[in-house]
Amino acid sequence: MNSLSTSAFSLGLLLVMATAFPTPGPLAGDSKDDATSISLPLTSANKVEELIKYILGKISALRKEMCDKFNKCEDSKEALAENNLHLPILEGKDGCFQSGFNQETCLTRITTGLMEFQLHLNILQNNYEGDKENAQSVHMSTKILVQMLKSKVKNQDEVTTPDPTTDATLQAILQSQNEWLKHTTIHLILRSLEDFLQFSLRAVRIM
């Protein structure tokens with residue numbers, strides 16, 4: 001019963017985030033009645049910030065679980081060499097750092113990067129052997145975050161959609177790995193998404 005309550009609360013929070021901010025997809029049509037029991041900041045920037053912090057909290061819980069259950073606490077050079085994941089990162093040219101900050105360029109890059117991460121989060125959700133509820137929450141809430149950020153990008157054409165065949169390629173890579181490497185791959189995805197979101201959070205705070 002407690003897990004059901006937690007799940008309902010988490011979903012309610014995500015729906016509140018989505019309905020309280022203009023989104024380009026179906027989420028914009030969700031009922032706002034779910035928002036009545038939860039008080040959230042009123043500005044759009046704060047809503048993005050709160051959602052990023054929510055996702056980071058879920059990632060932290062998953063990483064702790066991987067460390068405790070699967071002994072995946074640190075990266076190894078062997079694992080990095082064998083995982084050709086090309087995970088998104090933020091660089092100086094992306095305009096997200098205080099030096100050379102450019103809001104439009106930064107928003108576009110964060111949105112595109114998170115869309116790329118969605119493919120890796122499919123792997124996480126389908127293959128994670130621990131708390132699947134938290135894994136699903138990371139996947140769902142990242143989708144909502146993409147919609148929230150994309151709605152703020154002025155030139156929508158600059159947001160590039162990942163190649164759909166990449167998902168099948170990533171799944172094939174994972175299936176070819178032994179259990180140790182599978183756990184390492186999931187650990188790397190979580191760690192990289194955490195880093196990406198932490199930099200994104202800093203950028204959102206100066207927008």
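Note that Cβ sites are derived from N, Cα and C of the backbone, with glycine treated the same way.
Sequence-distant neighbours of Cys73 (disulfide bond): residues of the same chain at least 6 apart with a C-beta under 8 Å from its C-beta are Met66, Cys67. Annotated disulfide bond per Swiss-Prot: Cys67-Cys73 (among others), in sequence order, evidence recorded as similarity to another entry.
The disulfide bond annotation in Swiss-Prot covers Cys96-Cys106 (among others). Mapped onto three states, the DSSP output places Cys106 (disulfide bond) in helix. Note: Cys106 (disulfide bond) has non-local neighbours Asp94, Gly95, Cys96, Ala203, Met207, i.e. same-chain residues 6+ apart with C-beta under 8 A of its own C-beta.
Under the heading phosphoserine, Swiss-Prot lists Ser76, citing similarity to another entry as support.
The signal peptide annotation in Swiss-Prot covers 1-20.
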* Highest CB neighbour count within 10 A among the disulfide-bonded residues Cys67, Cys96? -> Cys96
